[in-house]
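Colleague: Can you keep this structure in mind? I'll have questions shortly.
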Amino acid sequence: MWMVWWTLPESHKPNNCSPIGRHNIARVLIRDQWTSESLTCDVSSTGARSYPLVERKVAAEMSQPSTQPFDLCPNYQESTKAKTTIPRDHKKRKAGESSTKAASVQHLRPRMVLLKGFVKPGDQIEMVRMCRQLGKGPGGFYRPSLKNGAKLNLWMMSLGKSWDPIAHSYGPTHPFDEAQAPTIPDAFKMIAQTANSTASEYPQINPDICIVNYYTNSEKLGLHQDKDESESSLTKGLPFISISIGDTTEFLFGNTRDKDQATKINLESGDILILGGESRLLFHGVSHVKTNTAPSWLKEEIGIRPGRINLTFRQY
């Protein structure tokens, strides 16, 4: 849903406004329909002018998701593709056992561990399929807004608890439409907890939050800290667990918000990054999503959009 402001032509300006007020009238595109016939112009004793109907519609528009569900895999035909499921033996794996024999453990700094290639192809396909299904339903993907009305450069879905980027808090429902946050699939939790055990540097967590972000190849995310979880969780240094699927991402991290001082690493499809302990509050962000770097089987099996899907698990 897009919102566009234009100056109204002279023939559409209300007669009860002064010339100055008429020049400030705006036309709003809401839900792809022009709405200007009901605009009103109020002039206060101080000369200030306001347009109540416009302001109400703009406020509502800024906090609403798109009317069309966002589809991670618009070319995927469920009826013509063989369903890929998480292997039955996944739940039987012992704690600490890798999701794939090819995974390698890299210690980037104290309590910051990168598990390269941890999530195997079948699990990645199933995670994308489940994210697609959840993302198109109630509480699914939307473009979150900031306090100034700007939209974050990504599509977001909160599982378990809904994150409010304006209030920097969690709740059971979305703040703008009261939709219930979908439940985190057990299979997602299992992969995150197995990764946490493999890293063996952190206390085990029971994730009750999973934030799913989708980035196109042109979108970035500035350096920031994830610190909206409970004081107890942050004090204990409970880790957050980040899974990357799709195109390779240039990921930044450092002790400050200065991107010139940040360290850069590539996160590829199937990689898991874990930050806990003294690294839990590191500044981190996304500087670049590299075009055409996703595994070919992701496109062939499920028709994933170009870009990166990121799932981050936390315990509130």
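Just so it is clear, glycine is given a Cβ too, placed from its N, Cα and C backbone atoms.
What TrEMBL records for this protein is below:
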type	residues	note
BINDING	H224, D226, H284	Fe cation binding site
DOMAIN	206-316	domain 'Fe2OG dioxygenase'
REGION	81-103	region 'Disordered'
Colleague: So which of the binding-site residues is most packed in, judged by how many other Cβ atoms lie within 10 Å of its Cβ, out of H224, D226, H284?
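Modeller: Result of the Cβ crowding comparison: H284.
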Colleague: With an 8 Å cut-off on Cβ distance to the H224, D226, H284 Cβ center, who else from the chain surrounds the Fe cation site?
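Modeller: For the Fe cation site the neighbour list reads L223, Q225, L282, F283, G285.
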Colleague: So what pLDDT does the domain 'Fe2OG dioxygenase' (206-316) average out to?
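Modeller: Its mean pLDDT is 96.
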Colleague: When DSSP states are grouped into helix, strand and coil, how many residues of the domain 'Fe2OG dioxygenase' (206-316) land in each?
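Modeller: Summed by class, the stretch gives 18 helix, 47 strand, 46 coil.
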